[in-house]
Amino acid sequence: MGILNPCCVLKYLLVAIATFPSFINAQMDCSAAPTSALRIVCEQLHRWDKNAREAPAVTTSIPLPPAIPGLPAPLLAAELAPVASTPYQCMDIGCLCNYLGGNGQTGTNTCSLATVRKSVRKEYRMLSDDERARFHAALKAIKASGEYDRIATIHSQFATAGSAHSGPGFLPWHREFVKRFEIALKQVDPRVSLPYWDSTLDGILPAPKDSVMFSNDFMGTTDAAGNLIGGDFGGWRTLTGRANVLRRVGADGNCFRERDIQWLLQQTNIDMVLSFSVPQAGCTASTSFDALEYTHGNVHIFIGGDMNDQSTSANDPIFWVHHGFVDMIWELWRLSRQQKGERETSYPMDQAQCAAPQHFASARMRPFEPWNNIDGLSNKYTDNMYEYAPRPTCAMGPNCGSKWLFCDKSRQPGRCGAKIKIGGNCQGYTGGEDVCAHGECQGGICVQTTQTTTTQKPITAPTQAPLKPVHIACYNEHECCSVWAGKGECQRNPTYMNAWCKASCRQCQPDYNIGLECGDRHKNCRQWSGIGECQRNQFWMTENCRQACGKCQVSRAQVCSGGQGSKTNQNRVTQAPPQQAKCQSPGCFNENICCQLWGAMGECRKNQAWMTCNCRVACGMCYSEDYDYGTCSDYHNQCGQWASQGECNKNGWMLENCKSSCNTCVSFFQLRQLCRGARSGRKKRGNEVSSLGFPPSIEVDNVSFSRIVRETNSRQAKQSNDKDDHAERMIKTASKLPESSGMPSTVA
């Protein structure tokens, strides 16, 4: 294990650039969409992207806490604390157990309640009658309480949920969103698991709109105008005030097709899975109308009505079971194409011309802070919170394991389909299939022969208490928030204060007495204190669990107003100060070409001080409006002049920020080969100090490096002689490089 010689960095980059393919304008032309439905989806995604870019939930400056008189000026803001202060933030059953009336240990999957277990998400038609009744009852309960609408509203807000659509954040954002919805259901009935809707089962029918899915047994029936009036969800008032959910089932679009799923499962490039669905001119990544964000949109258009647009789609309860299946498809790809460790770190390169900054790997997954987009790749979701039952197959029996399904034997190979509702089209079945729900096929139409009513006693889901609007945690992150707010910092420093001091700046409504000087604001404070959270998440705990952490001896005013009280208690209100010179590079730039890869590997949290100083863009601390991050262009208008003065060979800052002038543009695959971070062997180097931390190790062993060079040299032979000669000349003249010394002095 060792730090890669900077000379080798430049040599490798120069060889790589000589073989890098010509950049292709990947801008998506919606008029070229193969179907009218995909054209609509494309236009919607472009509109979301445009609105998100014009109202970005990102900052162009590094957020810093206000200064405390008598203490050194702050150079870093602490990471938002990963404290599960609401049930929606839980990532294991032990945590969730404590919010559902049981005793559990955060970080484990044990719970004293037998009903609180890891969810098993089944296909909707595979649920038992009891399971389906409980699911419907829980849906109605959270609709009645207002929690359904509070969660659904999040999906409509492009300004605060920018990574929900139009880029790589689509799948991880919706994974977290749907997880939170399932937790809302469990707060009503812990036995409920969110089912998924495998719409391929409906898509194979002669008329998919006639599926039992759209009967009163499942998602309900509509009147001639498309109003949802039948079943358990008839008469649901929408977020826009309509008296009913609106649907136009089958008017356009289509259900998922098996080939849509197989196309995704065959992909080997992460860019085609976590896809750039709305690339702009200059984007170098590939894109396709077969990408999952597009094919999932087909189903939205097929349902129509409220599902036809992102701003209203979550009105319809079918939204949640549809997205359960989207998440399952993604998980099938992860299991078949990625090793477990890779699943948590493989994310497309940050490229502003390919996706808005809200989609960058380390950008906040708003409004689900402290999550970042890449946190949606965590294995904890399916290790701890839920798993998927297999999709129905004909191997499960002639009815595919459910009275609501049948095995289509009229076509080979046999495949499962959803049964058809009364009055629906059942033409074309010649294998004796039982295709009609509550009836039989006569003259190509399903005719009722049995009663549709059930003798099962309706289930009223138990509610433990009136549900509260707790999908957004309303807690300060710092002990000094109230003092700073009283001095007007919410107005002077909104970038920091609105994120780290939400309660004091009135960005949300706390459900505790915010004026109480000594107390515990959360019911789990004692438990968290007992497992070391007072030390692990010191700032958050000192503010919100003062009594449990034994911090009441000194008041907030004494600690935060300056003077001797602040000096004596400096360790509880400020980060350990890093070496000043290392954090003074001006502007919003990374200092190292490997920053983006290190960010994807979790170093922004594990090695916060060093990464915040040196990889501020890759860690989501700021995004510049002066250049398009992730492109192969120069990020500063004086790069050419600096390069002519030899800065490319003297200053590592240039390799990241002057890629065109220094010829250092590489693909993410090449970056991984160059910057593979070692998990061990990190050593103190040079004049680094422990309070700052150390750069992640870089290892390139001689065997793999030689292989890379051989491969690139082989491809070089197919390129023009001019490129070969240029690369060879540059490699021969490359000299040893120091680490970044920051942006070169600007030229007058």
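Heads up, the Cβ atoms here are built off N, Cα and C, so glycines get one too.
If you look up TrEMBL, you'll see 1-26 marked as signal peptide.
For the domain 'ShKT' (474-508), DSSP puts the residue distribution at 17 helix, 2 strand, 16 coil. Annotated domain 'ShKT' per TrEMBL: 474-508 (among others), in sequence order.
Other Cβ atoms within 10 Å of the Cβ of Cys508 (disulfide bond), summed over all protein chains shown, number 14. Annotated disulfide bond per TrEMBL: Cys474-Cys508 (among others), in sequence order.
According to TrEMBL, the feature domain 'ShKT' maps to 518-552 (among others). Among residues of the same chain six or more beyond the domain 'ShKT' (518-552), those with a C-beta under 8 A of the stretch's C-beta atoms are 78, 81-83, 85, 98, 105-107, 475-479, 481, 510, 512, 572-573.
According to TrEMBL, the feature disulfide bond maps to Cys518-Cys552 (among others). Within 10 Å of the C-beta of Cys518 (disulfide bond) we count 11 further C-beta atoms, all protein chains included.
Residues annotated as domain 'ShKT' in TrEMBL: 588-622 (among others). Secondary structure by DSSP for the domain 'ShKT' (588-622): 17 helix, 2 strand, 16 coil.
Taken from TrEMBL, the feature disulfide bond applies to Cys588-Cys622 (among others).
Note: the domain 'ShKT' (632-665) comprises 19 helix, 2 strand, 13 coil (DSSP; helix = H, G, I, strand = E, B). Here TrEMBL flags 632-665 (among others) as domain 'ShKT'.
Marked as region 'Disordered' by TrEMBL: 710-748.
Per TrEMBL, the feature compositional bias 'Basic and acidic residues' maps to 720-731.
Here the Cβ of Cys474 (disulfide bond) has 19 other Cβ atoms within 10 Å, regardless of which shown protein chain they belong to. Separation of the C-alpha atoms of Cys552 (disulfide bond) and Cys474 (disulfide bond): 21 Å, rounded to the nearest whole number.
Each of the disulfide-bonded residues Cys552, Cys588, Cys622 was scored by how many other Cβ atoms lie within 10 Å of its Cβ, and the smallest score goes to Cys552. On the 0 to 100 pLDDT scale, the model's mean across the domain 'ShKT' (474-508) is 91.
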